[in-house]
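Student: Starting off with a structure, shown below.
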Ligand code: SF4
């Protein structure tokens, strides 16, 4: 892997990187690029778990997923392509269509993604889970960590790693890696409601609507 020089991350108490593996939930390539390189530098064996039925429309989902696959393949990291079960996501989001970002709809959305990650980890002998979700400054890290801990608590022997990926220059490197890799640059969080609300905000500012599949870093 051709990452920058960096200090290995402090691992959670009790996690033995010589014997145990991490399952990393990934939301997209720009958020997971820095997280993946940081994990690699810490000598932890891991796989990427892509489970994001929130992403709408399917074209946006496919682009985000393919970008993540491209980066994982480049670095020989196993990539688990989980279900795109949008019906389940919409069923759980019912009644929350007009909730603001960082509100209860997002808690449901994080819970859903972590629940599936924790289940897969439990069934495939991973002892720790984490996610790239928290590296974005647009997200509430405490909200995400609460969801991660809640999901892991269902299985004995499974830990949620609540490391703050923004620390030690992580936020800056996230941008640098995205530019270096020329990742697709999504312009809204992911669900149809965030697309609607972001477009409304842009309209109020006199900006054009989001065009799917157009914007790339670099
Ligand atoms: S705004 Fe983002 S986190 Fe919240 S429900 Fe939509 S996709 Fe999920």
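Note that the numbers count up from 1, one per residue, in the order the chain is shown.
Just so it is clear, glycine is given a Cβ too, placed from its N, Cα and C backbone atoms.
Grabbed the feature section from TrEMBL, which reads as follows:
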BINDING   27, 28, 106, 109  [4Fe-4S] cluster binding site
DISULFID  189-191  disulfide bond
Student: I'm trying to understand the geometry here, so how far is the Cα atom of residue 189 (disulfide bond) from the Cα atom of residue 106 ([4Fe-4S] cluster binding site), in Å to the nearest whole number?
Tutor: 10
Student: DSSP on residue 191 (disulfide bond), three-state: which is it?
Tutor: coil
Student: Measuring Cα to Cα, how many Å separate residue 106 ([4Fe-4S] cluster binding site) from residue 191 (disulfide bond)?
Tutor: 10
Student: Looking only at 27, 109, 189, 191, the recorded positions on record, which one has the least crowded Cβ, with the fewest other Cβ atoms within 10 Å?
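Tutor: Comparing Cβ neighbours within 10 Å for the recorded positions 27, 109, 189, 191, 189 has the fewest.
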Student: Compile a sequence-ordered list of residues in the same chain as residue 28 ([4Fe-4S] cluster binding site), six or more apart from it, whose Cβ lies below 8 A from its Cβ; state 'none' when nothing qualifies.
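Tutor: Residue 28 ([4Fe-4S] cluster binding site) has long-range Cβ partners 52, 64, 67, 68, 132, 186.
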Student: Taking ligand 1 as the reference, state which of the recorded positions 27, 28, 191 have a Cβ closer than 6 Å to one of its atoms.
Tutor: 191
Student: Measuring Cα to Cα, how many Å separate residue 109 ([4Fe-4S] cluster binding site) from residue 191 (disulfide bond)?
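Tutor: Cα-Cα, rounded: 9 Å.
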Student: Apart from 27, 28, 106, 109, which residues in this chain have a Cβ no more than 8 Å from the mean position of the Cβ atoms of those residues at the [4Fe-4S] cluster site?
Tutor: 52, 54, 110, 113, 133, 139, 189, 190
Student: Secondary structure at residue 109 ([4Fe-4S] cluster binding site) (DSSP, helix/strand/coil)?
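Tutor: The three-state answer is helix.
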Student: How many Å lie between the Cα of residue 191 (disulfide bond) and the Cα of residue 27 ([4Fe-4S] cluster binding site)?
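Tutor: With the alpha carbons as reference points, the distance is 12 Å.
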Student: Applying a 10 Å Cβ distance cut-off over all chains shown, what neighbour count does residue 106 ([4Fe-4S] cluster binding site) have?
Tutor: 24
